[in-house]
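Here the structure comes first, spelled out in structure tokens, and everything after it is commentary.
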Amino acid sequence: MTNLRKTHPLMKIINSSFIDLPAPSNISSWWNFGSLLGVCLIVQILTGLFLAMHYTSDTMTAFSSVTHICRDVNYGWLIRYLHANGASMFFICLFLHVGRGLYYGSYMFLETWNIGVLLLFAVMATAFMGYVLPWGQMSFWGATVITNLLSAIPYIGSDLVEWIWGGFSVDKATLTRFFAFHFILPFIIAALAGVHLLFLHETGSNNPSGLCSDADKIPFHPYYTIKDILGVLLLILVLTSLVLFSPDLLGDPDNYTPANPLNTPPHIKPEWYFLFAYAILRSIPNKLGGVLALVLSILVLAVVPFLHTSKQRSMMFRPFSQCLFWILVADLLTLTWIGGQPVEHPFIIIGQLASILYFLLILVLMPITSLFENNLLKW
């Protein structure tokens, strides 16, 4: 009798995706982040669901409903901090996942890569709207500042902002719609992740060498299932340590003050995972230019496959490109640091130089270096 997992319509899909999937035999732990992102998404949806049961999306009661969750609901504090820090873990995994794709040339799978860029935008939008929901000072002012950026769009800008706000300022209508979108988007993200996986399985995974691995495949189960479980355990270890020992480490103290439209916080800044983009936004003195740079800081990823000039796919055997890649990582860390600093000397000029270097590395230096490496190898 044929195995049920190979004949049952539903089991067949699971089997071909997670059990009998032919996988390269040499993929390293950098390939674990896809499954970790899946786990993060599940954790976020579950904790978010339980938070939504107790949360009220009204400006008068939102802040106190979050306080109520933390104080009165059984393990409410745990659910709330798992959700807040789960977002941080989500972004850590996302950045490492994208970094892996850039380093090993996984962006050559065009459909998979472009859906990945779309997923990154969707997750960033979801996280931004989620940050508004507790209705603290940073929630309110963050929402005001970021939505206001749309007013830089010529002709329709101010109308667009008022349309998003549902009034003439960030108020009850804004909070209610942000809650609705924050609830629905993770399910759209889950669907997109399914499509992401579908396109990946059309081509098969890339591997560290960047070479075709068709001649040397192994089944996903048990080899990579056990490897993924180890990754998940480490993720849970880091997340629970963060939640139980220092849950507010990555948060902003200002968000423990209820939103007050009459009192602006001294330093308005987003969560740590947006600081690099925020630094790029602030480094351009023109409003529209800043908004364009902000969008392009992520959208530039979609251009990367077309700028691949090397004859080799992976950076594994390209030391000059490796140097530039790690300079890019250092540059992003610098931008993250600058995004959290006040707008004053010397932070302004550091931010501007780091922003220029960011685009210069991706759009100019890396493609030129790849051509130089081809030349060295007489290719």
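Including glycine, each Cβ sits where the backbone N, Cα and C put it.
As given in Swiss-Prot:
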type: TRANSMEM; residues: 33-53; note: transmembrane segment
type: TRANSMEM; residues: 77-98; note: transmembrane segment
type: BINDING; residues: HIS83, HIS182; note: heme b b562 binding site
type: BINDING; residues: HIS97, HIS196; note: heme b b566 binding site
type: TRANSMEM; residues: 113-133; note: transmembrane segment
type: TRANSMEM; residues: 178-198; note: transmembrane segment
type: BINDING; residues: HIS201; note: ubiquinone binding site
type: TRANSMEM; residues: 226-246; note: transmembrane segment
type: TRANSMEM; residues: 288-308; note: transmembrane segment
type: TRANSMEM; residues: 320-340; note: transmembrane segment
type: TRANSMEM; residues: 347-367; note: transmembrane segment
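Comparing Cβ neighbour counts within 10 Å across the binding-site residues HIS83, HIS182, HIS196, HIS201, the minimum falls on HIS201. Secondary structure at HIS201 (ubiquinone binding site), taken from DSSP and collapsed to helix, strand or coil, is helix. For HIS201 (ubiquinone binding site), the spatially nearest entry among the binding-site residues HIS83, HIS97, HIS182 is HIS97, judged by CA separation. Long-range contacts of the transmembrane segment (33-53) within its own chain (CB-CB distance under 8 A, at least 6 residues past either end) are made by residues 69, 79-80, 82-83, 86-87, 89-90, 93-94, 96-97, 100, 182-183, 186-187, 189-190, 193, 197, 228, 231-232, 235, 239. Ranking 77-98, 113-133, 226-246, 288-308, 347-367 by CB pairs under 8 A with the transmembrane segment (178-198) puts 113-133 at the top. Between the transmembrane segment (77-98) and the listed ranges 113-133, 226-246, 288-308, 347-367, the one holding the most Cβ pairs under 8 Å is 226-246.
On a Cα basis, HIS182 (heme b b562 binding site) lies 21 Å away from HIS196 (heme b b566 binding site). Tallying C-beta pairs under 8 angstroms between the transmembrane segment (113-133) and each of 226-246, 288-308, 347-367 places 288-308 first. With a cut-off of 8 Å between Cβ atoms, the residues of this chain six or more beyond the transmembrane segment (347-367) that come close are 279-280, 282-284, 293, 296-297, 300, 303-304, 307-309, 321, 324-325, 327-328, 331-332, 334-335, 338-339, 341. Across the structure, HIS97 (heme b b566 binding site) and HIS83 (heme b b562 binding site) are spaced 20 Å apart at their Cα atoms. Cβ neighbour count for HIS97 (heme b b566 binding site): 20 (other Cβ atoms within 10 Å of its Cβ, all protein chains included).
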